[in-house]
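I grabbed these lines from TrEMBL:
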- 58-62, 119-125, 147, 244, 292, 338, 406: (6S)-NADPHX binding site (BINDING)
- 59, 115, 150: K(+) binding site (BINDING)
- 375, 376, 377, 378, 379, 405: AMP binding site (BINDING)
- 10-204: domain 'YjeF N-terminal' (DOMAIN)
- 209-462: domain 'YjeF C-terminal' (DOMAIN)
Ligand SMILES: NC(=O)C1=CN([C@@H]2O[C@H](COP(=O)(O)OP(=O)(O)OC[C@H]3O[C@@H](n4cnc5c(N)ncnc54)[C@H](O)[C@@H]3O)[C@@H](O)[C@H]2O)[C@@H](O)CC1
Ligand SMILES: Nc1ncnc2c1ncn2[C@@H]1O[C@H](COP(=O)(O)OP(=O)(O)O)[C@@H](O)[C@H]1O
Ligand SMILES: [K+]
């Protein structure tokens, strides 16, 4: 499990540790880790041209001390401060003593640029003086961000205005949510964590890894039969959108349930593609409701919600949902909107949801009393009672293709039917779907059926790789 912590939590842990260590010890740990990553990237440190962009706070201090370490190994290090009157004193002294120099402008050429403009003390988009330095970063020079790419909000991943695009981000003590969640996540490049010895409480966000997912994937026991494995009901499709039913069933058949039961007007299309599907009403252990339903199907949605089993609501099923009805349900509800659907549920705009994904998914879950999976560039899953938000680390923008979400909802519903808690079903489905999408795409456009076809391969990969890894999954139901 990769865990992430808010600025407030990180600061508290730092204070606690700093009180027990000699002054400046933490910054030296950070700078040593940063310098080691920079040296690794440079290969040959001696003679390399390193440019430090130095903000007024401790983030700039880290960059200066790391620069001093590189200068002592023979690099030509130039520090460019945002404000020459406000530079970390000790860091500057160390750099100058090691042979580094101070400059008023960004040099035209560099083998490495270190972004020490702002770290967890940053607020809002970069101010003009800092943004101007970012614009001067020499084309093609690799950029290493100190703690986080300047301009990215550490807690949320929000980017208001200019922000650094890093090739590598060296973060200290703990990952911050903004490093894992878009738009921030797409600015970090490769992430490196430097352990500075913090003791941390429960995380604010977490990302499952292969080993966690492997532990959650359902597998039939020797005594299993199809009913014990769970039956998932799929209420989807319409005369206008029969394909959504086929794709949801395609996902459901590959998600661990023992049988898939289809209810709706697209039975012929479903059977033509998947003759193994059961047709018509009957007992199910979980429902998938909504893909391709079209309009005027509220009564059927309400009927499924009245069944005391877990229900996943997607797409057209999300229209006009009543929070009171969801709160009164005796079993879990899982909502799987994309940003547009989430905006309608929250009474805001799609842009507002995309700019603030973390708070949107939390609000959605709390307001509707349901687990919420917010799809898009970083898929997030929130539990209605709060706790860490799950951040999906797999996926590719090629998944943004018609019908992709239908496959996801079928898959997640199948995992619900096989007994996973809603948070686990949602985050495992997003993980496997994202991996299958990456494999199916392999750098080229894909269509939704291919995602379904690659699900078993992704599933097998997770189980295989996890044999050699460690890690724990799970979440309270
Ligand atoms: N506290 C600690 O124990 C440690 C802190 N470390 C470093 O210290 C950083 C935090 O340092 P600070 O608290 O000094 O804060 P930062 O250095 O992150 O930023 C604060 C400074 O940036 C300016 N600023 C804020 N928002 C800005 C914006 N949008 N545009 C331009 N300038 C902006 C502020 O005026 C302030 O002077 C961490 O990110 C990390 O790099 C590390 O050395 C590890 C140990
Ligand atoms: N930019 C993106 N990067 C990664 N994944 C994306 C992106 N955009 C969409 N996706 C994923 O693609 C799927 C699209 O689902 P959805 O919007 O419901 O499409 P549809 O309704 O056509 O099935 C979701 O799994 C979503 O997370
Ligand atoms: K930075």
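Backbone N, Cα and C define each Cβ position, glycine as well.
For each feature listed, report its degree of burial, its nearest neighbours and the pertinent distances within the displayed model.
Close to residue 58 ((6S)-NADPHX binding site) in the fold, though at least 6 residues off in sequence, lie 27, 88, 119, 121, each with a CB less than 8 Å from its CB.
Taken residue by residue with DSSP, residue 115 (K(+) binding site) is part of a strand.
Residue 375 (AMP binding site) carries neither a helix nor a strand DSSP state and counts as coil. Cβ neighbour count for residue 375 (AMP binding site): 25 (other Cβ atoms within 10 Å of its Cβ, all protein chains included).
Model confidence over the domain 'YjeF C-terminal' (209-462) stands at 97, taken as the mean pLDDT rounded to a whole number.
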Which of these binding-site residues (58, 147, 150, 378) have a C-beta closer than 6 Å to some atom of ligand 2?
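The binding-site residues passing the 6 Å Cβ test: none.
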State the Cα to Cα distance, in Å, between residue 377 (AMP binding site) and residue 120 ((6S)-NADPHX binding site), rounded to an integer.
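That comes out at 23 Å between the alpha carbons.
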Could you tell me which three-state DSSP class residue 123 ((6S)-NADPHX binding site) falls into?
coil
Here are the binding-site residues: 115, 147. Which has the lowest count of other Cβ atoms within 10 Å?
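Each of the binding-site residues 115, 147 was scored; lowest Cβ tally within 10 Å is 147.
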State the Cα to Cα distance, in Å, between residue 115 (K(+) binding site) and residue 405 (AMP binding site), rounded to an integer.
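Here the two Cα atoms are 38 Å apart.
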Please name the residue among the binding-site residues 150, 377 whose C-beta has the most neighbouring C-beta atoms within 10 angstroms.
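Buried the deepest by this measure is 150.
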How many Å lie between the Cα of residue 405 (AMP binding site) and the Cα of residue 120 ((6S)-NADPHX binding site)?
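The separation of the Cα atoms works out to 35 Å.
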58, 123, 376, 377: which of these binding-site residues put a Cβ within less than 6 Å of any ligand 3 atom?
none
